[in-house]
Structures are given as C-alpha cells and as structure tokens.
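As written in Swiss-Prot, here are the features:
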- 1-33: signal peptide (SIGNAL)
- 41-118: domain 'Inhibitor I9' (DOMAIN)
- 124-608: domain 'Peptidase S8' (DOMAIN)
- ASP153: active site, charge relay system (ACT_SITE)
- ASN186: N-linked glycosylation site (CARBOHYD)
- ASN209: N-linked glycosylation site (CARBOHYD)
- HIS229: active site, charge relay system (ACT_SITE)
- ASN371: N-linked glycosylation site (CARBOHYD)
- SER539: active site, charge relay system (ACT_SITE)
- ASN632: N-linked glycosylation site (CARBOHYD)
- ASN711: N-linked glycosylation site (CARBOHYD)
Amino acid sequence: MELSSLIVPNNKKHFVVVFIGLVLIFKIALITAANEKSQIYTVHLGERQHDDPNIVTESHHDILGPLLGSKKASHESMIYSYRHGFSGFAAKLTSSQARELSGHPDVVRVTRSKNMKLKTTRVSDYLGLTSAAPTGLLHETDMGSEAIVGILDSGIWPDSKSFNDNGLGPIPTRWKGKCVSAEAFNASSCNRKLIGAMYYSKGLESKYNGSFNAAEKGEVMSPLDKIGHGTHCASTAVGSFVPDANVLSLAQGTARGSAPRARIASYKVCWNNEECFTPDIVKAIDHAIRDGVDVLSLSLGSEVPVDFEVDRDDFAIAAFHAVMKGIPVVCAGGNDGPEKETISNVAPWLITVAATTMDREYFTPITLGNNITLLGQEGLYIGEEVGFTDLLFYDDVTREDMEAGKATGKILLFFQRANFEDDFAAYAKSKGAVGVIIATQPTDSIDASTVDIAIAYVDNELGMDILLYIQTTKSPIAKISPTKTFVGRPLATKVARFSSRGPNSLSPVILKPDIAAPGSGILAAVPTGGGYDFMSGTSMSTPVVSGIVALLRKKRPDWSPAAIRSALVTTALQTDPSGEPIAAEGSPRKLADPFDYGGGLVNPVKVADPGLVYDMGHDEYVHYLCSAGYDNTSISKLLGEIYTCPTPIPSMLDVNMPSITIPYLSEEITITRTVTNVGPVGSVYKAVIQAPQGINLQVSPETLEFGSNTNKTTFTVKVSTTHRANTDYLFGSLTWADNEGHNVRIPLSVRTRVFNFKI
C-alpha cells in the first residue's frame, strides 16, 4: 500500500472528522446507557382509553417498545401494567429513558418508585359502636355485612379467630376478586369473611434484581402475613366477634372490628423488612378497583413529604382514580409526632387519620417505702410481684459495685440516655437485680418487656420524684406489682405523642389530618402467641376509621368519598366521650387543635346524620389541580377527557374542604364554601362563629334554608385580621346549627403574615 493512499484529501477531511465524531458520540451514548443504573419508574397515563384490559396493556407496550427498541425489550422491562382502574405501567428504566418518556404526548407523569413504611376489646364500645344497641349505625347496616374493605398491608393470617365467618351470608355477588394459592397459603383458607387474598412482589423483587431471599427475611411469597401488621389492621377494621380475647390476661373482653360483619379483601404489598414499594401498591389499587371493594385502608405512608405529593407520589395518583370511582381511601397520617409539619398522605382526596389514646390504660404500680404508689405506663410486666426491697439509683453504683453483686436482689432506677431500655434491663438482670424502673420520654405505645425481670416505665418527672425519695431517705425501698388494666374515668383521651402533626407542609391550605381515632395500645389479632397483641400507631387508628367508613358506605350508598370525609369531620368530637377536653401530648402538653386531630375524635354515633356535607366531585378536584399548578394537558390526561382550567385560576382557599385554613392572612379575603343538605327537607341553619383571637369573620348569608327544590347552597366567609404583627396559627370554628340537633362544625386555622417590611 502506498503512503498516498493513507492521506485524506482536503475535501474529505471534514467529512471524516464529523463521521469519527458521530461514531465517538454514539459509542459514548451506548457506554453511558449501559452504565446508567436502571430503576423502577411508574408511568401514569390517566384514565383508560379502552374497556378491554388486554388492549390497554398492548397500548403500554406501544409506548415503551419504541423507546427501548423492541416489543421484546418492553416486555422484559415492564413489571406491571395498570389496566383496570386506570392506565399506566411500571418498568425498569434509566433516568434518561424516564426523562424521554415523560415527554411522550400520552404520558401524564413519570415518577420513580418509593418505599413506603408500615406506620379491639374496647375501641368500639369507647366510641359508642355498641353491638347490643337496637338502633345506631351497627344495627342499621347489619354490622356492615355487605361491605368489602380492601386492606393493603403485610398480608393476612387466615387462621385467626377474628376471621371466622360464623353467621355470615353469601359473598356479595359484585365481588370479582380471588384468593390465590402460594407458598404456605392455600386459597381454601378463604371463607365468607376473608373473600380475597393476593400478594404483589414484582416491585420488591426488581429492587433486589431478582435476588430477594424471602426465607432470609422471614417471609413467604404468598398472601400470608408473617409480621402481624396486616392481620392486626384487618381485625381492627372488620374483625368478627371473639370472646375472651386478651394479652396475658390484660384487656380481657370480646374482640371485634368497627364493622364486624364486613368482608376482607387482603392485598399484601409490604414485607418483613418493612418495605412497601409503590409499584406493588399501585397494582394492588388497580386490582382493588376492579374487584369491587367499598373502602381502601392503607396503614402505611412515605417519609415526611418534600415534593408536591400529588405531582410526585404514585400512590396519591392511584388513590385519585379510586376516589373518582367512588371508593374512599383511608390512610395513616404517620408516626413522626409530636413535631409539627410531619403529617403524610396529604392529598385532598384522602382521608388522613391521626391517633389518640382512649379510656383504657395499663399501669404498673410502683410503691415506695413512704407508701406512695406511682403508676408506671407503656410497658407491660406480667410476672410475680417483687416485694419491698432496696431501691438504688443506677448512677450511684459503680461498675465495680455491679460486678461485685451490689445490685443483687435490688431494684434499680435508670434514666434512659438512648434507646437501650431492654439492654439495660438485661444487664441489670445479669447482675442480680430483681427489678428496674426506667425513666424516659413517654411514647404512648404499649409493649411487653422482652426480659424476664420486673420492669416499670415512668416519665422523667416521676423519675425525678423517685430520685428525690432515694436521695432524702436513709434506706429507700420499693416494690413493683404486675401491670393492671384500668378502664374509664379518670383516664382522659389525648392525641398520642407519636401521631404526626400538621400543618400540611406541601399544601398548607389543605388541613391534615382530617380525623382522629384510637391508635394507642390497640388489642387485635396477630399470627403468633395467644393470637392477640397490642400495637400502637396511626396504623392502628386508620382501620378503626376504615371500618366506620364501610358502615357508612352501606348506610349512605349515594354519598361520595368527600361527603363521607365531611361527615367524619363535621360530627367529630373535641371532647372525649366522657366530656373531657382532648389534650395533645408533646412538649409542652396542650389542648388539641386541628393540626393535631383535624375535626376531632371520630364520632360514629352521629356520623351517618351530619345534616349538611361539604361535597367534592370531579369539578372540585379539578379546581384543586388547577390551583396547584397542573397544566391543562396533564389534567386532561389524568381525567381521560379534555379540560381547560378557568381564567383566572381559582384559589386553593376555595377548594370545598370541610375546614378553612389560611396560612398567610395579610388583608381581607373572601372564601367560598358550598354545602349540601342530606337532612330533612325544609331545614334551616344558622351560623355560629367561634373566631380565632384577633381575627374578624363575617359569614354571608348567616342563615341557610333548604326547600324541596334546594338541597345545595353556597356561602362566603370574609376574613380579616386585627393583628399588626406576624402570628402563629390561631384556631376557631364555624358551625351551622339547626333546631333538630345538627351542629355542622368545621375547624378554622388562621395565621397572620404582614409583608410590608421595609429594607
């Protein structure tokens, strides 16, 4: 070969350089794509465009296939096709592929999958849901016998007595779901009570690249509940009657759910490593809509949100489709309290639940040598009484003393410095101690000790009282008695310390939580031990409300999810059933306000007859989406129909919530609400205003009249402030009252913000 043949003529040099550059760019792109890590993304396509689910799935591959290069690649990438309640799919994509897909004309939103966390013998009677009463919500709905509650959780333990089908009629004919046989679970375990059991693990398995080892995690790939959370929640919502339920002889009584004859559809989406992946949750919601559930109950949630949730949360978008099809979605508010702005599940179409205590508590008596008895709380000690013996303050005992046996036969007082109370109890026992008193911050949870030693928990204030006794007594002694159950007065209800608080950090105009229910020390079914155990959390308060909602669905079948939420809020109690004000645990303790418990404590005695409701449907939810900044194209795709937001864009303050929350009041504003009469024709209501301090409220009209041709009317509220400086939130209420016993109350939360700063 001649050298001249290797020389590029001048007129071809630019072409060759460009060609080589394109090849390099293409290779770099291939290397980048190969090296870019795939993750699971959910592609939301809004309402279904076809009735045939198979055509819907095929349309998903038509969208994904061209992006990935072939239909085969699309099938390999896609882990779920959402094709029943709405349209969308979950697939393994790189971030660049997800960005490209988000620009597709049929796509509403592309979101990366998230991990969500899992967040009785007395509850129903405490709330007034008395099964023996000849009238009331339980009696009028046959205890919910035709209702189907979908529980999205950690599965179900079908052998629990709480899921017996004694006395139940046939499975409702509208039910389209099924029970599946899988590892350690036989479909024959289902009955007329447990009518559906499915599990969803593709999101979980994809996260682990197919290497998830269920056995190592103490799990089984089936609907079977291995951790007890789903079983506990299901029995709290709709558990059958079970006499003599108890934990170590505590809280003995008849266990039952809020709707004890309702049916259970269990959708396992959470696993023993506390992982609940949104693609699995969304698929379960898709199936639940198809199956015919009346209520969805989800005792789980994400971390405190940092993005606009409706825009970023797969679950919130899927729940929107369920609500638009008439299915209320009840969710846990979270366990990150008592700090403010910790509430999760804040979309306005969700019913978000806070947790309270109730009038049943468990105390471990501690008697000092001066005959003063103090009541330890939150821990359970079931054992023999430890009689009077020497009481020592742990900080006064050296390690050498402990090794020498100074603690033998004695009780130790210990101030918790970290989350090591069980470790300390085990350490004390190993050194011969017969009992420990642990002073700590209260949690409002109920837990049995895992160490075989007498143990009592007190708050730091009582701990200081005990320490003072030790330091001022020559020979301090004490005894610890077994835990006892106390019911009724003088135990007052309080919002539990762990219950997440508002205001809503994403859309502060939307009040969250909506409602509160008992969630501390709830006794319900579990897979192991004696079959029942205590659990605490908004996970436990959520199914209490879900069961009540199931009863409402049967009592008021024409009510929308928003009407049900309104009835819960406007009939709620601000005092406990004995008439005592509800406090909120925290630092400091205070009277509860709307950011602690929404409308208040759920009141099933009144909830079916609220008089008026603040309803929301298609137009009201679109109003919210417009005010939240969604564009017309995204809203149209979400709804499955062409929609154009009005001009000017409506204010989020006018979203027809059963509450008014104004985070930035600087000048007079006017807020609009619409109420629908669900009471007697001819009802007349008058406004009763409890204005927040320094806030002026003017309601127009002050009287609402509902005739035979008028069941809906609109009123306005003018709000202004007399404050001349910024304030924290101030609280009040607006109540519409008639002469028939209806008091339709909504909470008001107003914060003054003065913006005329001079620089």
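Cβ atoms are placed via backbone N, Cα and C, with glycine included.
In sequence order, the recorded positions near SER539 (active site, charge relay system) (Cα within 10 Å of its Cα) are HIS229, drawn from ASN186, ASN209, HIS229, ASN371, ASN632, ASN711. In the three-state DSSP scheme, SER539 (active site, charge relay system) is classed as helix. When Cα-Cα distances from ASN209 (N-linked glycosylation site) are compared across the recorded positions ASP153, ASN186, HIS229, ASN371, ASN711, the shortest belongs to ASP153. The secondary structure of HIS229 (active site, charge relay system), as reduced to three states from DSSP, is helical.
Within the same chain, the residues at least 6 positions away from ASP153 (active site, charge relay system) whose Cβ sits under 8 Å from its Cβ are LEU118, ASP225, HIS229, GLY230, CYS233, ALA234, SER266, TYR267, LYS268, VAL269, CYS270, SER297, LEU298, SER299, LEU300, listed in sequence order. For ASN209 (N-linked glycosylation site), the count of additional Cβ atoms within 10 Å of its Cβ stands at 9 [all protein chains shown]. Along the domain 'Inhibitor I9' (41-118), the predicted structure has mean pLDDT 91.
Within 10 Å of ASN632 (N-linked glycosylation site), counting C-alpha to C-alpha distances, fall none of the glycosylation sites ASN186, ASN371, ASN711. For the pair ASN711 (N-linked glycosylation site) and ASN371 (N-linked glycosylation site), the Cα-Cα distance reads 65 Å. SER539 (active site, charge relay system): 28 other CB atoms within 10 A of its CB, across all protein chains. On a Cα basis, ASN371 (N-linked glycosylation site) lies 58 Å away from ASN186 (N-linked glycosylation site).
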